[in-house]
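The block underneath contains the structure these notes are about, expressed in structure tokens.
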Ligand SMILES: NC(=O)C1=CN([C@@H]2O[C@H](COP(=O)(O)OP(=O)(O)OC[C@H]3O[C@@H](n4cnc5c(N)ncnc54)[C@H](O)[C@@H]3O)[C@@H](O)[C@H]2O)C=CC1
Ligand SMILES: O=C(O)[C@H]1O[C@H](OP(=O)(O)OP(=O)(O)OC[C@H]2O[C@@H](n3ccc(=O)[nH]c3=O)[C@H](O)[C@@H]2O)[C@H](O)[C@@H](O)[C@@H]1O
């Protein structure tokens, strides 16, 4: 539904998670959006009305706003654009510093197409502090039409989470804008319906009860760029903190779930991002903590807290292997099944997914690994073809004759497993709940050993209505 007082022409460069989220959001707010990608297969899919990623609600949002969306590999729409978003990837380079090649190539392509009117170039990719200035210099050097008064660079970092991208885009906590005042005015106009929340919510993603509107943070390019890194680093720290405490809980007989509930009730701490388990995966927390450390290194400034958060995170993956070894003694010839391959539920993104690491480690120890995921298996077939594992045809296949099943990703599907049916098909009834996700007691009639992170005693489910803690 068109509500923007002034519909603008927007070009979005990069049609990954952030580019598609941005394009869908802006079209929904009433703007005319052209999405550009250098990957011809993605553009062909989008032109056919298919969405190349699994993100709940996205396909409907793009379809509902199709009249305001077009997809191309041709940069010429930049000429007419009021606002140009850079949403390309910034993967980590070999030393942990973000590889800016895609940002540089996008900025160079923009430069050759800049118009003569006032245009705002927005960096939505997560980029090292100073990249906004760098992009401006690139435009100045390469754009025949460049004018410092007309072509203004803004940093507008993205805070969406995969799996809940629409919710996060439509109902954000804050919009962060860094740059010159004139450019920020344009951004405020662009986002006006979002800031005032006077758009009609899409059917898939209703406005949450009690939500009013986002805060706006207007700042400099550098501070906006830093806010993004610092936010991700802090969330990553919180998770690693919970995991570090979980390890001690196991040793002293405390229960991490009760401990995080207890500390989270303090409003200064809060409950979110204290879920202990396998630790974080995905394309951003690892990359962005490393990115900050490498920025510190450039300034000869150590960042030991971040390094510790990273070390703890990767230790968690080994913790799970050790739990398994403790129970099975050796993994040689043992059949271990992983439930969940995506780095988190509701996405098919496999980047830095803990399952990848686990498959490698378990295979190295001689286990036969089988893996299941409700949506990411077709993608894994291409992206993980180098790994030694058997894709599970279904859950029956994953459980049959398994010596252990590890819950790696807390998909809802795994909350409601038919334990009655599945457990008896296993060779050993060992479930490692690496996400502490099983909330309901397992079937009372069956015996299963369930190991959860941060809970020292296996829960032994023995008889009707009795959950007894052994050891
Ligand atoms: N994935 C996420 O949840 C979030 C990502 N971010 C940041 O946003 C940026 C983008 O991330 P994703 O969307 O995950 O990346 P992605 O890797 O899914 O998508 C990037 C897209 O850019 C395209 N591309 C690369 N160079 C191009 C060029 N010169 N011209 C046109 N298209 C080009 C690629 O073909 C690809 O489709 C990264 O900096 C990331 O750190 C920020 C918040 C959330
Ligand atoms: O910059 C980014 O790319 C994004 O990174 C994260 O979003 P995302 O990686 O999509 O997903 P999260 O929900 O943050 O989960 C990241 C990882 O942490 C794990 N996690 C999360 C929360 C928790 O309490 N414990 C925990 O182990 C998840 O399982 C997952 O593997 C941030 O939450 C977003 O705000 C940010 O925009």
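Residue numbers in this text run from 1 along the chain shown.
Note that Cβ sites are derived from N, Cα and C of the backbone, with glycine treated the same way.
Model, not experiment: these values are computed from the prediction.
Residues or ranges marked as NAD(+) binding site by TrEMBL: 37, 42, 90, 126, 162, 287, 351. Less than 8 angstroms from the CB of residue 42 (NAD(+) binding site) sit 15, 52, each of them six or more residues away in the same chain. In three-state terms derived from DSSP, residue 42 (NAD(+) binding site) belongs to a helical segment.
Around residue 162 (NAD(+) binding site), a 10 Å sphere centred on its CB holds 25 further CB atoms from the protein chains shown. Feature annotation from TrEMBL assigns substrate binding site to 159, 160, 161, 162, 228, 273, 274, 275, 276, 277, 281, 344.
Secondary structure at residue 284 (active site, nucleophile), as computed by DSSP, is coil. According to TrEMBL, the feature active site, nucleophile maps to 284.
Annotated domain 'UDP-glucose/GDP-mannose dehydrogenase C-terminal' per TrEMBL: 337-440, in sequence order.
A count of other CB atoms within 10 A of each Cβ picks out 276 as the most crowded of the recorded positions 274, 276, 284. The subset of recorded positions (126, 162, 284, 287, 351) lying with their Cα within 10 Å of the Cα of residue 228 (substrate binding site) consists of 126, given in sequence order. Straight-line distance linking the Cα atoms of residue 274 (substrate binding site) and residue 287 (NAD(+) binding site), rounded to a whole number, equals 20 Å.
Residue 126 (NAD(+) binding site) is surrounded by 23 other CB atoms, counting those within 10 A of its CB over all protein chains shown. For ligand 2, the nearby recorded positions are 159, 161, 162, 281, 284; that is, of 42, 159, 161, 162, 281, 284, these have a C-beta under 6 Å from one of its atoms. DSSP assigns residue 37 (NAD(+) binding site) to coil in the three-state reduction, outside any helix or strand. Listed in sequence order, 90, 91, 92, 98, 126, 352 are the same-chain residues six or more apart from residue 287 (NAD(+) binding site) with CB atoms under 8 A from its CB. Here the Cβ of residue 228 (substrate binding site) has 25 other Cβ atoms within 10 Å, regardless of which shown protein chain they belong to.
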